[in-house]
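Colleague: Shown below is the structure under consideration.
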């Protein structure tokens, strides 16, 4: 790999750099009535602990599929994948995943608090502990005070924050986010991106984040994975060296623009390949 | 202000009441060869008609805009209705109602229509007032229909065997409460409730099994479809032979009737949870039962309640029809079939009224529980901030 390896803030980097996700030669082919669809082909990727990895690419490039394979929601048809050294299925059984979907997917019959405690309930954690953790998680996403509200009483951005709180509540090793802010307007999105970064800096979680916004990907990530469609594959992996507690202002710096340019170039190359 | 607009309903009411004063009130008694009664002989009626003329004329010009004017119109109409009833029964006009009488009824109709219209369009931000208006409209409309039924049947002297007036049914209802209570207990409490609980409950459990076991879905659902198509008229006598004359055979008929709607709705409901929510549960490594209770059953509730509501009315129909094919000498269906034979049509109607009342209350109770249990559903949401 030809990666730009610049480590500025060594002190802020996690001490250990163990691979949380290790993918080798992974491929996934869907058999459909119109013939096979090559959703993923020859994917190699390592996600280290504490990484914030963004997957970017045009629709149909397999970025969501890759996330779903990591979460054991799809089975690969070839190659190897290990999460924390075990299979995705085993990792799922170990409750390693906090998944945030494109839509909030809150259960309408449960209050915000009880939505956040849902995974804890399934994991059979005691009631006092559940309520305490829900309270903490809601505080992280600045939703304290909304515990007793129902999802439909909250705005779209607040609902998505509640779903992030739900993913955080059980302290999963890996936070998987599939275009979580895709349906929100730019201002709310900026705000949530900022909050997400703070959260990531504070909790030191490993995050895999799917997006199709270049500024979002560059702003949030330590590692940007550029993907291209038909067949879905990785065409570039870019590591960034912004400090963990970066602000929105970095979007005006030359480094930011340079990385954004490289991402765009990668996306363009993937596209021309397609024609 | 827009140019003065005449209130058409009040105009019709005033003119009809005026004509009612002129046209003969009643027909001619064939025995005496004289008119049965005159408006002049009935002071209450004369006052009511005069009031209708005056109020009608006044509101034709003033227009009916406020709730108070609507209430005044309704009050005039109610007084008129009471006088019309008194005229029929106290002055012997029943069976001999003439053109004047019917014109008066038309006048009352116009006022009632206008009055209910005003209240139906009433909008208030105060919950209590709005709820009162929401209750008054259907009640007033129902009472008016009963009044028309009463007046038409009495006024034209319709034979009681064809259609008794509601007052007669009401009297029969009140004077035979002991029989009605026994019938209600036999048919509703014993047969309907037990059959309903058994039918809906077993179908619910079966739906979960069908959902879990694929071959049941392919094999049992079409079979259930066939069972639901069985005519209950054909099944009922067989059930009576199998389970005896008492309530058990009726409950069996109800089980057959209610089983399929519940089965189909629950199976559909169990698939109502979205893909995203299922994936979410999968990422938590939630087991089958955990997902069933935490996601799929709550999501299925609107469908389940739909079936419960459909079945609440089906169950009562099933029990009454099944009682036609053999029963101990008590029960609503039994009463209807025997009293028809004895030409006691008022008793038949009283039982029908009881069945309608029981069915409505039953349905209302299920709908109320539904509202409480699925208050999260978009159709019941109340914004509370």
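Yeah, the Cβs are placed from backbone N, Cα and C, and that goes for glycine too.
Note: TrEMBL annotation is automatic and uncurated.
This is the feature table in TrEMBL:
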DOMAIN    B:204-373  domain 'ABC transmembrane type-1'
TRANSMEM  B:43-64  transmembrane segment
TRANSMEM  B:71-89  transmembrane segment
TRANSMEM  B:101-120  transmembrane segment
TRANSMEM  B:132-158  transmembrane segment
TRANSMEM  B:188-210  transmembrane segment
TRANSMEM  B:222-245  transmembrane segment
TRANSMEM  B:251-274  transmembrane segment
TRANSMEM  B:314-336  transmembrane segment
TRANSMEM  B:348-369  transmembrane segment
Colleague: Out of B:43-64, B:71-89, B:101-120, B:132-158, B:314-336, what stretch is closest in contact terms to the transmembrane segment (B:188-210), meaning most Cβ pairs under 8 angstroms?
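Modeller: Answer is B:314-336, with the largest number of Cβ pairs below 8 Å.
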Colleague: Let me spell it out: take the transmembrane segment (B:132-158), skip the flanking residues so only those 6+ beyond its ends count, and list any with a Cβ under 8 Å from a Cβ in it.
Modeller: 67, 74, 81, 84-85, 88-89, 93-97, 101-102, 105, 109, 112, 115-116, 119-120, 122, 124, 164-167
Colleague: Short question: most Cβ pairs under 8 Å with the transmembrane segment (B:348-369), which of B:43-64, B:222-245, B:314-336?
Modeller: B:314-336
